[in-house]
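A.B. asks: Here's a structure for you.
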Amino acid sequence: MQTFMIPGTIFMSLLAGALFGQLRGVALVVFAASAGASSCFFLSKLIGKPLVFVLWPDKLTFFQKQVAKRREKLLNYMLFLRVTPTLPNTFINLASPIVDVPFHTFLLATLIGLIPAAYVTVRAGIALGELTSLSDLYDTQSVALLFLIGVVSVTPALLSKDEAQD
């Protein structure tokens with residue numbers, strides 16, 4: 001699904017949590033997502049350049065400038081992109097070989113950067129697998145954890161907007 005940019009991988013992550021538990025579920029999701037992203041990387045390297053130029057010319061130019069500017073600490077930048085919703089993962093998978101991101105950097109950033117999202121979705125799958133009634137969805141601990149995840153997810157985007165305005 002990841003290789004051909006088919007939506008729905010989150011449902012597979014939820015299912016992995018429900019079926020395999022936390023550790024094996026996260027490992028499976030990270031491995032499968034990294035393998036799919038790597039396949040997409042190489043597919044794009046072979047035939048994706050015209051597609052990326054047509055679909056995202058502005059994003060590609062922006063990404064190319066950012067990669068060139070951050071060449072010495074490219075792993076940090078790629079990790080940042082994987083952890084935050086700055087650029088869509090599909091775009092990162094397709095555009096990385098076009099802007100000369102080395103595969104080893106791409107793979108390492110993908111493996112590490114997908115762990116937080118995989119953990120959250122696998123945990124959600126575990127929770128969904130353990131539901132016995134609708135009221136189980138709204139316990140205090142789950143609501144507090146979701147609120148914390150929301151705050152942590154949104155804060156970097158809000159801070160970057162404030163810095164851009166200054």
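Just so you know, glycine gets a Cβ as well, placed from its N, Cα and C.
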A.B. asks: In TrEMBL, which of 13-34, 35-56 is tagged transmembrane segment?
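C.D. replies: That would be 35-56, per the transmembrane segment entry in TrEMBL.
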A.B. asks: Pull the DSSP breakdown for the domain 'VTT' (6-125) and write it out as helix, strand, coil residue counts.
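C.D. replies: Final tally across the stretch: 100 helix, 0 strand, 20 coil.
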